[in-house]
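Following: one structure in structure tokens, then a few remarks.
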Amino acid sequence: LRYGIAVYNGNVKPDFPYISDTGATPPESCVFGQLLNIAAVVAMFVFYIRYKQIDTYQRTCPRKAVSRVNKVAFVIGLLAAFGISMVGNFQEGNVWIVHMIGAFLAFVFGGVYCCLQTYLSFKLPNIPGSTRNLRIGRLVICVLDFAFMVAIFVTFRFTKSSSSIRPGCWTTKEPGMSACLASTISEWIISFLTCIYVATFTPEFKYFELIKAKILFHELTRNNEVPGNENSEETQSNGTVVTTAITETSAKY
């Protein structure tokens with residue numbers, strides 16, 4: 001959507017601009033920020049579900065290495081999602097350094113998250129919904145992600161132009177246009193590969209369920225105090241028994 005708006009308004013050329021260039025100026029920058037904020041929230045939610053899925057599955061036979069990697073992957077995933085939000089909220093034309101930090105978190109940490117999840121997939125081959133083809137597919141995505149990441153870093157330094165025109169507005173006359181296209185195409189491919197990777201969690205999520213939290217109001221005693229013990233019973237002076245229920249959130253697979 002923002003790509004179409006940016007091209008329509010003449011802010012970028014239609015030949016594979018950088019993702020950030022499609023959201024550098026209003027009104028597409030507004031759409032850019034909104035969509036990435038939503039994507040960041042969804043990503044955090046998915047990463048949390050994945051963390052709880054692995055944590056719950058391996059409780060019957062816990063392994064310290066798996067538990068540690070699972071926790072590290074969750075933290076890295078949250079940082080990657082936070083980077084996505086930073087990219088959307090701090091456009092490259094306004095706060096360039098913050099934008100680049102967000103892009104680093106989103107792409108590099110996002111790639112590391114995929115690698116860690118692939119490691120966990122091979123360590124837990126019997127997790128419900130997992131298949132050999134699914135694990136191999138994740139490994140292939142990680143290899144491709146790394147290859148295109150290297151391509152971005154190698155070609156990015158050649159995208160400097162002697163003019164003051166942003167790369168998104170370059171034409172074929174610019175000396176660094178070939179390197180710019182290689183860099184931008186790699187960036188778009190990495191973005192799509194990451195989305196595909198997250199989508200590979202779907203077959204496994206079908207066998208996993210998060211039980212929604214139950215919210216129960218506590219009854220107050222005569223002194224307006226809330227009993228604190230789980231399922232505790234307290235008898236008031238008038239003989240009324242107050243039962244306290246504790247809100248529980250659980251997960252099962």
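Keep in mind that glycine also has a Cβ here, set from the backbone N, Cα and C atoms.
Listed features, source TrEMBL:
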type	residues	note
DOMAIN	3-207	domain 'CWH43-like N-terminal'
TRANSMEM	31-51	transmembrane segment
TRANSMEM	72-90	transmembrane segment
TRANSMEM	96-116	transmembrane segment
TRANSMEM	136-156	transmembrane segment
TRANSMEM	176-199	transmembrane segment
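Residues 20, 23, 32-37, 39-41, 43-44, 47-48, 50-51, 98-99, 101-107, 109-110, 112-113, 116-117, 120 of the same chain lie 6+ residues outside the transmembrane segment (72-90) yet bring a C-beta within less than 8 angstroms of a C-beta in it. Confidence over the domain 'CWH43-like N-terminal' (3-207), given as mean pLDDT on the 0 to 100 scale, stands at 83.
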